[in-house]
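A.B. asks: Input: one structure, supplied below.
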Amino acid sequence: MGAPVPAAGQRQVAKKVPVPTNYRNAVKYVRLAVEQRLNVDAQIEQDKHFRCGRTLVGRVLSNLPKIDALYGQLELATKEPRLDVCMARVLIAELMFGSGRLVGNSRPVECVRQYAEQLQSALATVEANAPAAGQIKEPRFVRLNTSVLNLEGSRRLLQEEQWILVEEQFADYRAFLERVKTLGEAEYLEDFHFADLLVFPHSAKSFWARATHLHGQFVLQNKACLLPTYLLKPTKKSVVLDMCAAPGLKTTHLACLMKNKGRIYAVERCAHRYTTLCQYASEHGVIKTMHRDCLDLTDEQVPGVEFILLDPSCSGSGMLKRQQVPEPMDEPRVYKLAGLQYKLLSHAMNAFPHARRIVYSTCSLYQQENEGVVHGVLRHNGHFRLLDARKEFGKEWLNVGDGDAYPGIGERCLYARTEDDLTIGMFVAVFERCPEGYENEVYRAHEKQKESYERVALRYGITGKEGQQQEQQQQVEDAGAGQEATGKGSKKKAGGKRAAAEPEQQVESASGEADVVQKKRKKKSKQVQEA
């Protein structure tokens, strides 16, 4: 039986072709991640009807700057106003960075498919103009959860998964990095610096996205994020404060370094991020989570804090996806962030009297958030000093801060840079409480400069009624000293030398009272001569 024929005068309506379910689900999670800035990993894992979700959504989020650049270059917002932005992102990601083809014949799919050649051309332009860091194919770093797995155990598990350990010795860090760049599809390395970190090739990201059965023993964490926790050096049974703890990867690493002994206060203000923090921290009894603003914390609420990790909100300019496409610095936003970072670091130094070591880190490459904040805090807090982070690290590292712009500060701070270290961009500074009676050199120099300014202000820069009164009083005293000098020759010479040493402006600005005294002296001298 054939399809019904429309009656005369009736217009045949084409049946709407639905968008494939996987694309619609991906759009939902991309919207949550981009517009509401939520961590959607847990939701995707619980979605049993979206088994390829982690791959699809991860592909969009990891290439988002490039995708948005393509969307803007082709002016799809103007040319295709009915095409949803998040749907366009998902489809462009699949076409350019995924399988290279789109499924189905729905309107959004057909709409993006017709721009395939233009998208390829635009992508070549974007990648050609990308900075050096944006062209790096970063490796997949994996940290061992040493609470449940040691290095030998990890070797057995990975051997069962058909991974081959490259057992080579390297003369230096650069030689290690060159070997990382040439890792085979099934090879991996144990890290040059950290015994609990493994390095896999870039292609291994798809394996670790699927290997959910290993996520309890292994943690997907970038190498640069281990720098702050290792440099904090918390001892077993110590008390640690993680002031901006979410999502919790650094917090759980601290728990592993402390052998799950002592106490870690993990603080987070944002409700959504606090939920994620609690999920990560649930397996570590040493961690106590706190949903509150760390600026309101007092020593009574977190008693006995000795070590503080501060990794605050920042511009994120060191994140890999931010480096894919050049973007100008948002100066007003960076200025506000630097102000918040200064407040947080100052609070860490002053609110907890037992704190003896503080590590400050950001995933930003802007000096305003890094060396600038460190300089400002040291200038106003003399009781903490900046340690040489490279010496504290104790191993070879390639990049430090800008010692020319910030002498005495820049060269003591560490940077992780994507183009050199194959990691995200990271900044780390290490502070230590000064011994009793000692103040850091930046604070001393600032105080000395303040005293100098105050002396200059008192001498030349005082204005207003009070300043005028002090100036007139000084002039009267000077005039009186000159009158006393007329009766004694030796004092007259001394007074003449002093007057000659005074600035010319002060001589010209003598008050009327001094003029009267001088006239009386001349009149008296004339009367003596006539007698």
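Going from the start of the chain as shown, residues are counted 1 onward.
Just so you know, glycine gets a Cβ as well, placed from its N, Cα and C.
Quick paste of what TrEMBL says about this protein:
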{"type": "ACT_SITE", "residues": "C363", "note": "active site, nucleophile"}
{"type": "BINDING", "residues": "E268, D293, D311", "note": "S-adenosyl-L-methionine binding site"}
{"type": "COMPBIAS", "residues": "466-488", "note": "compositional bias 'Low complexity'"}
{"type": "COMPBIAS", "residues": "519-531", "note": "compositional bias 'Basic residues'"}
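Help me picture these features in the structure, burial and contacts included.
C.D. replies: Within 10 Å of the C-beta of C363 (active site, nucleophile) we count 22 further C-beta atoms, all protein chains included.
For D293 (S-adenosyl-L-methionine binding site), the same-chain residues lying six or more positions away in sequence with a CB closer than 8 A to its CB are R269.
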A.B. asks: Within 10 Å of the Cβ of D311 (S-adenosyl-L-methionine binding site), how many other Cβ atoms can you find? Include all protein chains, please.
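C.D. replies: Cβ-Cβ neighbours of D311 (S-adenosyl-L-methionine binding site) within 10 Å number 23.
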A.B. asks: To the nearest whole angstrom, what is the C-alpha distance linking D311 (S-adenosyl-L-methionine binding site) and C363 (active site, nucleophile)?
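C.D. replies: Checking the Cα atoms of D311 (S-adenosyl-L-methionine binding site) and C363 (active site, nucleophile) gives a distance of 8 Å.
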A.B. asks: If you draw a 10 Å sphere around the Cβ of E268 (S-adenosyl-L-methionine binding site), how many other Cβ atoms fall inside it, taking every protein chain shown into account?
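C.D. replies: For E268 (S-adenosyl-L-methionine binding site), the count of other Cβ atoms within 10 Å is 26.
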A.B. asks: Between the Cα atoms of E268 (S-adenosyl-L-methionine binding site) and C363 (active site, nucleophile), find the distance and write it as a whole number of Å.
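C.D. replies: Here the two Cα atoms are 18 Å apart.
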A.B. asks: Quick one: which residues besides E268, D293, D311 have a Cβ within 8 Å of the S-adenosyl-L-methionine site's Cβ centroid, in sequence order?
C.D. replies: D242, M243, C244, A245, A246, V267, R269, C270, C294, P312
A.B. asks: Checking the spread of the S-adenosyl-L-methionine site as listed (E268, D293, D311): what is the longest Cα-Cα distance, in whole Å?
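C.D. replies: Taking every pair of listed residues, the largest Cα separation comes to 14 Å.
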